[in-house]
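Undergrad: In case it helps, TrEMBL gives these features for our protein:
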type: COMPBIAS; residues: B:487-496; note: compositional bias 'Basic and acidic residues'
type: COMPBIAS; residues: B:526-538; note: compositional bias 'Acidic residues'
type: COMPBIAS; residues: B:561-574; note: compositional bias 'Basic and acidic residues'
type: DOMAIN; residues: B:9-247; note: domain 'KaiC'
type: DOMAIN; residues: B:249-481; note: domain 'KaiC'
type: REGION; residues: B:482-507; note: region 'Disordered'
type: REGION; residues: B:526-574; note: region 'Disordered'
Amino acid sequence: MSFPHQAGESSMPLLTLFVTGTAPRSQRARVNLAQMLNRIGRSDIQPYEIDLLEQPGQGITHSVFATPSLVKANETGEVSVLYGDLSDEERLSHFLADLARSG
Amino acid sequence: MNETNTPLQKHETGIAGLDHATQGGLPAGQATLILGQAAAGKTVLGLQVLARAIERGEGGVFVTFEESPGQVKRDALSFDWGASLLESNRWQLIDARPRLGVEVAGEFDIEGLLSIVAAAIAQTDASWVVFDGIDQLLQYQPNPRVAIDQIRQINEHCEDRGWTMLLTGKATGDSMAPAHLEGIEFLLSATLVLSARIVNQQLNRTLRIAKFRGSGHVTSELPMVIDAEGIQLPYHEALPSGGVLTRNERLSTGIERLDSLLGGGIYRGSSLLISGRPGTAKSTLAGSFAQAAAQRGERTLYVSFDELEGSYVRNLISVGIDLRAPIEAGLIYFLSLSAFASQVSEHFLALRRALDAFSPDCLVIDPISALLKAGAVEGANMATERLIDLARRRGITTVLTSLSGVQDPEGEATQGQVSTLADSWIVLDYNVRAGERNRSLSIVKSRGTAHSNQQRELVLSPSGVTLADVYEHGTEVLMGTARKARKIEEQEEEHRRERKRQQRRTEIEQRLAQVDQERQRLTSELEQEIVDSTETDYQEGVYREQIKQQRAPLGESSALHGDDDAHNDKGDPQ
């Protein structure tokens, strides 16, 4: 009845951005995320992108039904999710705080 | 879409009462809002619609935004259609609960969700989609306006793709929309409101079709039952229409004299209400009717509220009514229900199922007034009305008993509508007089029948039930010993009168005889008188002659005449 799990969450990339094609909010999220990573000195991180229009099964696998959504997986496999177009800079920077390179 | 060219299509839900109340189902290719508070039955409704769709060979997708998939499955398994639903591969259950601790940094879209659902629909060839608790996702939308737009988006998506969707949401207070989603009721063409209220310590479920654009529908709150078969709207399933001929056949009540008072019995397919205070022999009459039906070889569904079969049957044996044999022969199906245990609508459902299962010729409910004790009392009249209607449409002859208050033997207040609906109405009562209670029976109404307006005495004995003519005494009606005593008195009185009359006749005859004797005596006296006077006249004549002869030479003289007045005028010489 439900889609089989295709991938365990532990094998997730550090950052995954779920989008739907070229929807305006998805576009904004890409831009906002790139800017924030740059600001915190982590432009080295290349977020993995999943387009639910093309891979709907991935939404079920990762329990992501709102787009755009930013999913962060740390080394222990713990996953946190941030909904929205990431226009709330304060929330976004707080969400990414542990990735920031101090200095 | 060109709506003027697209008449409203409906998609049947497979819930008979809902399909009937909506005149065919919910809008096809659109989203219907299902509102209700927690535990009002929203999830059950969604699951049941899917289960029924799958039974018809359709498919479905259930997207849960609030309950875990395990909980949804447990919900389904508590109904008798649940197991086959869970086994079916014609549907998908999608766990779309937002992750715990999710944060929000801006507005989001639901195209991803719709894309996921579209993929699932493609796999299952689904026609129904349930979004159970989408408010749980959309509440994260920072701007409520965006959330509302997304409901519109979902609905338009349904129209474009031909999905028929149930969109459930938690009702908040009297609002017609879930929190954060105010106004969505205006966007969607149909809204169902489920409610579960506590009335008299009992849960009272209702379903209301708050909105159904472009379609006729029942607008009132419909009593709803959730039992092993899931959601039922017991009063709103399509009834067999027409087809039942009005028959002139009369059915015996099992009491010969009562039949004759009713003009031969009660009409087949009609309903008879027997009301009375406790102990007025309502059950006896009902039992008599069922026994008579069994003797004709007919089947009776016998429903007893609050009395068990064993004691009920035993009690009737004491008045010469044997239900044991017909029960064992399968002619009487005895159903004992506990009035308090369920809601009125649940009782109604149980009765309707029993009618379906047993398809009887006759129905006895003793007493129907027990429904007033059940939960959701305000539904008792409706249940009774529906029941009478249902029985009538199926051509079932119905006998209902009703307990009336001690102060009010005809008990209009407690009878509710029953007495108006029933074709015939017999009121039982007792008269207390001379230290005893005697049962009385009177026919208050009997449609289509010339019936006696006389009150009768109902006499119970181990050999059966009979009616006795009551004794009218002036403006009073006498029964029992008073009736017997009065009868004996009257007989004595009659004898006395007869004796008196005889005596009087004898007296008159005696007087007549006396008078006759007197007459004879007088006649003979008269005769004697005549004889006497003739003799006297003769003697007088002789005497006068003698005097004349003596006097003639001396001249006339009356001196010796004793009768002076006769002769004075002749000139007395003195």
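Positions of Cβ are set from backbone N, Cα and C atoms, glycine also.
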Undergrad: Looking only at the domain 'KaiC' (B:9-247), what is the mean pLDDT?
TA: 88
Undergrad: Counting by DSSP secondary structure, give me helix, strand and coil numbers for the compositional bias 'Basic and acidic residues' (B:487-496).
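TA: Counting residues by DSSP class gives 10 helix, 0 strand, 0 coil.
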Undergrad: List the helix, strand and coil residue totals of the compositional bias 'Acidic residues' (B:526-538) as derived from DSSP.
TA: 13 helix, 0 strand, 0 coil
